[in-house]
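Participant: Please read through the structure below; I'll follow up with questions.
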Amino acid sequence: MTLFPGLLLEQCSYKDQFDNLEKHTQWGIDVLEKYVKFVKERTEIELSYAKQLRNLSKKYQPKKNSKEEEEYRYTSTRAFLATLNEMNDYAGQHEVISENMTSLITGELTRYVQELKQERKSHFHDGRKAQQHIETCWKQLEASKRRFERDCKEADRAQQYFEKMDADINVTKADVEKARQQAQLRHQMAEDSKAEYSSTLQKFNSEQHDHYYTHIPNIFQKIQEMEERRIVRIGESMKTFAEVDRQVIPIIGKCLDEITKAAESIDHKNDSQLVIEAFKSGFEPPGDIEFEDFTQPMKRTVSESSLSNSRGDGKSEPKFGGKSKGKLWPFIKKNKLMSLLTSPHQPPPPPPASASPSAVPNGPQSPKQQKEPLSHRFNEFMTSKPKIHCFRSLKRGLSLKLGAGPEDFSNLPPEQRRKKLQQKVDELNKDIQKEMDQRDALTKMKDVYIKNPQMGDAASVDHRLAELGQNIEKLRIEVQKFEGWLAEVEGRLPMRTEQARRQSGLYEAQNTSAVNSCAQDRESPDGSYTEEQSQETEMKVPATDFDDEFDDEEPLPTIGTCKALYTFEGQNEGTISVAEGEMLYVIEEDKGDGWTRIRRNEDEEGYVPTSYVEVYLDKNAKGAMTYI
């Protein structure tokens, strides 16, 4: 194995090699820190990706108590919901990747880098210390060598001076003796310096041998081991990097398998059947239109395309919703039809002085139910039971369908009405069960209080028990009412009773002589256009009289007055502009949709928000009340 001490082959450059190792190890630490930074950024990407996936899944989750929840009964939308849930789990696996990489790689390598820096610092400190020691020994050797050299030269000069003095006959014996002693002293000093230099040289050689063959190789060996551990550690971290991803692959694959399974569970036949069940009306297709023979010199009868169901002889026949064959649209003039289709269905704006509609004492609330496409309502309106009604009644009927419906859902087709009634009965039964559970719990509590008076006063729950009893009784009355309507729809009852009519808040005119004048429309107090399964007398009406009826529509009578509290700019079709403080006539009450119909003169009438006016109804008007 090649070790870093091999770098000492050239002893003269050992210092340079030491510097090279120092630079190399620092580069290795920089590489390790770069890899740590890379993994950290990868974990941030995984967390961001997981967060975006979760937000995406949450964004498309169905909202509670919304129409979207109803849409998830279809297999395709349920499969989409399963996909969203699986994507949420998929995001969770990316969070696991981020957590594992942070704990197993980023955290561990960060601590290891700190330890590596400390170890590297210690090794190079030892190296510098050894280098300083050998340099000190070298300086001592050089000093000893120079001193020995100087002493030798001094001894040679002293010897030469003695010999010169000894050969000169003119020099006294004392001077010669002095020179001899000086020469001997210099020779002794040279011998001492020689011995010291020899000793220092041996010591330096020993130190140098230890330095180059023991100390520095050991330091280099430690640096090499440190560097190799760093290399092994970064390799292990890269393996962990791959393993963290590989561990979640089976779970991610399972998520993808669940998405595939959800996609394979989509049943187009089942979804189609659900649509059929959801929108099935229960009406039968209209029959054929009878041929009208204009060549016969007899009074022409009104065909099935008119507003009556006469079949030529004028006899009264029982009519049912499934046999509706009349069509109203050929007789509705364009301007009246457009007015019908453009009545204000949107919720009215809040008054200027309030921050929101809820801040107004009588402020209307926006309708909660989803409006069906106008074309569906229009088609249903066109295929409804053909009876003679003035345009005002027809307009109120369609407005009711587009807004808040009657309590008995009589504005819906039979099948849809049956479903709504059944749903209402089920909801009321659940409410009754909740109230009964509360009553039972309070009854038990009262028994406990009676047996153990120290636990509480038994009379304290009597008031609540009375309230629960009243609530249960009210709910049972509601259930009976809706069950009656449900029985009627399902055919268990032959016809609606007068009590059912009163409960639903609907009534119909029985006097068929009011057909031409439209004085008695079949219009409920809330303005709904009802379709009853009862026997009515069918009338023969010439088409010219029918057309004239729409042109000469009888104006609605005034039921009170009102004062405009705020200025309202009626920009939508069917609305009317009013100025603050203006007095106007009320011709139609607020039916719960937040709009009141008013009249300025014979030619100007329309709707304004109820919260914008103060209404004073006549005491004789039905259901008279004051809106403030």
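Counting begins at 1 with the first residue displayed.
Heads up, the Cβ atoms here are built off N, Cα and C, so glycines get one too.
Small disclaimer: the values here were computed from a predicted structure and weren't measured.
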Participant: Looking at the ranges 2-33, 66-97, 162-193, 226-257, which is given as coiled coil in TrEMBL?
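Facilitator: Residues 162-193 are the ones TrEMBL records as coiled coil.
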Participant: Within the same chain, where does the coiled coil (162-193) have neighbours whose Cβ lies under 8 angstroms from its own Cβ atoms, ignoring anything closer than 6 residues to its ends? I mean 6 or more beyond.
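Facilitator: Answer is 144, 147-148, 150-152, 154-155.
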Participant: Summarise the model confidence on the domain 'REM-1' (411-488) as a single mean pLDDT, whole number.
Facilitator: 87
